[in-house]
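Structure first, commentary second.
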């Protein structure tokens, strides 16, 4: 009897504790996890109350670095920084060759170059130009701009070719109207014409001054007085005349003198000299279309050698 009563009291106490635990769990639901019941059934069930989270533990060891990500796009440049202090002065520069180099073959001669041949000079625009220098004739220092010696080069050319120049350093050439203009625009230049016939007789003609205008003025010839020469004067007639070629007729004739006499020259109406005519090797039956100098050997004789050259006066 007493035993049954004790069992009943114990069961009631257990049930009361269960209700109190559930009530406390509900009250703490906002801060702690839910109550969890485990077991099978009846009085065998166990009530587990999960406590509130404890204090954070100590940090764990640092993990290994991950792999590098892809490189991002380059951003816009930032604003320029402030200028730094001036740097030290550089070493003195070398003078440009065109400022100190020779301008003519006469300059070369004055600097001790006594051998005739091809040399480099510098035009007023600092452009280098390789020219044939005659250091032997009449005191030397002559710049040769026209040479005929063997007929190896055709001189019956168009305007553009005469403008640029043509021929060979080994033989015949025309230096080019642009180059002749640049050479004679530097100051007063005297002109010498040397002629040799097929019997090796020499003739020459000298003029006090010689200048060729630029292309805009059709390479107009500006010639000074005839000074001397065994060949006589066959160029004054052409003074103040424009240059003409087979494709650009600037003469005073109704026809084209360059075509009629197969050359290129400062034709008037038409010529008394034609040093850029055909290489006809001495006496020829055709009229005035050879390397002719009328006051020398007339219209029907073509010279073996012709050279035109300038030197500062």
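Think of each number as a place in line: the chain as shown, counted from 1.
Including glycine, each Cβ sits where the backbone N, Cα and C put it.
Of the candidates 80, 92, Swiss-Prot records hydroxyproline for 80; the remaining residues carry no such annotation there, which does not rule it out for them. Per Swiss-Prot, the stretch carrying the note region 'Disordered' among 2-50, 51-99 is 51-99. The two recorded residues residue 300 (N-linked glycosylation site) and residue 253 (Ca(2+) binding site) have their Cα atoms spaced 21 Å from each other. Taking the binding-site residues 249, 251 in turn, the residue surrounded by the fewest other Cβ atoms inside 10 Å of its Cβ turns out to be 249. A gap of 7 Å separates the Cα atoms of residue 251 (Ca(2+) binding site) and residue 270 (disulfide bond). When Cβ atoms from all protein chains are considered, those within 10 Å of residue 255 (Ca(2+) binding site) total 11, not counting its own. For the recorded Ca(2+) site, residues 249, 251, 253, 255 set the reference point as the centre of their Cβ atoms, and the other residues of that chain within 8 Å of it by Cβ are 244, 252, 254, 256, 257, 258, 259, 260, 267, 269, 270. Taking the disulfide-bonded residues 105, 270 in turn, the residue surrounded by the fewest other Cβ atoms inside 10 Å of its Cβ turns out to be 270. Here residue 133 (disulfide bond) is compared against the recorded positions 80, 249, 255, and the shortest C-alpha distance is to 249.
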